Amino acid sequence: MRKLIFSLVTSFFLLLPSVIRADEGMWFLMFIKRLNERDMQKKGLQLTAEEIYSINNNSLKNAIVQFNGGCTASIISPDGLVITNHHCGYGAIAGLSTPEHNYLKDGYWAKDRSQELPPKSLYVRFFVRMDNVTDRMLSVVNSSMSEKERQDALNREMEKIQKENSEGGKYVVSVRPFFQGNEYYYFVYQDFKDVRFVGTPPENVGKFGGDTDNWEWPRHTGDFSVFRVYTDKDGNPAPYSPNNIPMKAKKYLNVTLKGVQENDFAMILGYPGRTNRWVSSHWVDQQVKYGYPAWVEASKTAMDAMKAHMDKDKAVRLKYASRYASLANYWKNRQGMIDALTAHKTADLKRAAEKKFAVWANKPENKAEYGNVLSDLATYFEKTNQEAANHNYLLLFFRASRIVPQANGYVKQLNTYLNSSSDQEKQQIRERIAKELDAYYSESYLPAEIDLFADNLKLYADKATDIPQEIAQIKSQYNGDFRKFAAEVFARSIFTTKENFENFMNNPSSDALQSDPIAQIARVMIDKYYNSQSEALKDGYEKAFRKYVKGMRDSKVSLILYPDANSTLRLTYGSVKSLPKDKRNHDVKRNYYTTFKTMLEKYKPGDAEFDMPKKFVEMYEKKDFGRYLDKDGTMHVCFLTNNDITGGNSGSPVMNGKGELIGLAFDGNIEAMAGDVIFDKKLQRTIVVDIRYVLWCIDTFGGAKHIVDEMTIIQ
């Protein structure tokens, strides 16, 4: 590997003080020696910054992976054993499950390597290195460019940087903007695509508490699943092959059974997906009043349609389990955001900061560049408030009815097919679409798909403003009966059944393709989604927001000292910490952990959310917990830290000061749901499943001691 030479450019990070406060912040590993090491060690870290992040030597970052693009996981054995959340592995596990072998419901533990199962599609991504390319990227743009011209120029430079650092395709290279395009860094990754399912607890352990307990504390969810990374015989990434071997890990985490006490040091490495802490007060107002309410309503509409079919048929429930869980998660999140942003008066706090910024912006030396920034932002949001609701009704229609956005892509491919003179190209297109549609058919249930399409299209037609003329005509023609319309459309479309598609391919024609009703709906709705705002309006906002962020930093008005999350590897550190007592968390003062006993208090035999294996009750009565008991004599299940996380951190390893695994992050608390916009030092918490409970579930309850034996256990 080439030695990385850091850019010695003047950057935000290099100008920061050498000590940063803990708790708040999603920090770049590249800068922790300069910015965080001293503070972390003062609070209990027993490692050096080099032991956390090193380019040329093995460090903790080599044991952390992005899991399937949306979660985090960690390597916990020399042979590539990977642990993440149950809800992160949910889709892969559901895809492997059948009514006869329902791994999702019943759980599963591979007895040996031959029983480790390959999901249809799963990968992990290792972080290799990063560097600052701000000067290079900004040298290709200027203030006279439109936003499209600017982005085109940036994209061209990104492609060059990616090519220069991919080493002929060995690595995946991503150039990412930070601080709203005021800084740029590139990231080098290596992907491994042979990842096999090793085991998971039963669903009534991995999802104990269900939607009711989601985002809540106290919590008792055994939210974990286990996989393994495989490589070719030389240790390189390779597609699935029975000849592949378990990865020989460069670095893996030791697992400790010592447990935690309140105020113990705790740090998390992971891939937080997205935060919006630099947004203006206008953004907060728009989301609370328009955007989030539409999301909540549209999510619930899709969930109700889905659940009606899931409740009638176990096979259908399996097909839709992962999609339903995703919808339910965001539904509760968005409602929690509305409540938290309102309760904490977040918009008012933003307005107070903007008043200070306005004073600075209107100073003679700043006015030319920053004088109009706040008014430009205000104008944009005034003009787009209703559009925020329209956008989310439309977005959730696409999420509910997957065939619509998929059909749009198929039409493009089939047009190429019809115009191609190459038999080889035509065969490749035909096989590719057939394979994708087969996956759709196997994961879908036609009556449910019809209702999802109909109900969310009706909601959009009834609630959105400025709907396309074609949708208004359908509403009028069918007197608002979108289920009748959907049934007719699905009967006629070439994409909705395998038989219809094969009939079309036996006699393909451009006329049939262009007149396909699903394809027509897709064209109309996707065009509306991407073209609802004028280029001038979008240009004005992007320029104003970029200047706003730059000005807030230059003026020192903002106390935020880190970039928003954007699915790049970050570190957060803090401590094990109780929540302030209230009725919501059982009015317990020292409530930083939960126990097996308090989990049994929630137990409801046969309940969809609070059932548990009968064996759990029997083992509790026998006190069959062995070495996994806490020194207080109880079995701890979950605990709290005040780390700063968001979506994408699911599955992240929570480590003590020695870098040993103490648990897995799997949720935040609803009291601090505004955390993506503003960090609440008093209430922000990370909910963690205790690694001792995880190991007990694998070893004692699951009978898979051989898996635990792979790990390095610290007694």
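Yeah, the Cβs are placed from backbone N, Cα and C, and that goes for glycine too.
Worth saying up front: this structure is predicted, and the values here are computed from it rather than measured.
The active site, charge relay system feature in Swiss-Prot is assigned to His87, Asp223, Ser650; the stated evidence is similarity to another entry. Feature annotation from Swiss-Prot assigns signal peptide to 1-22; the stated evidence is sequence analysis. Annotation source Swiss-Prot lists site 'Critical for substrate specificity of DPP7' at Gly668.
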From Asp223, Ser650, Gly668: recorded positions whose CA lies within 10 A of His87 (active site, charge relay system):
Asp223, Ser650
DSSP secondary structure for Ser650 (active site, charge relay system), reduced to helix/strand/coil, please.
coil
Using DSSP and three states only, what is Gly668 (site 'Critical for substrate specificity of DPP7')?
strand
Provide the three-state secondary structure of Asp223 (active site, charge relay system) computed with DSSP.
coil
Just how many other Cβ atoms lie inside 10 Å of the Cβ on Gly668 (site 'Critical for substrate specificity of DPP7')?
24
Using the alpha carbons only, what distance in Å do you get between Gly668 (site 'Critical for substrate specificity of DPP7') and Asp223 (active site, charge relay system) once rounded?
13
Alpha-carbon distance [Ser650 (active site, charge relay system); Asp223 (active site, charge relay system)] in Å:
10
When a 10 Å sphere is centred on the Cβ of Ser650 (active site, charge relay system), how many other Cβ atoms does it contain?
27
Once the chains shown are all counted, how many other Cβ atoms turn up within 10 Å of the Cβ of His87 (active site, charge relay system)?
23
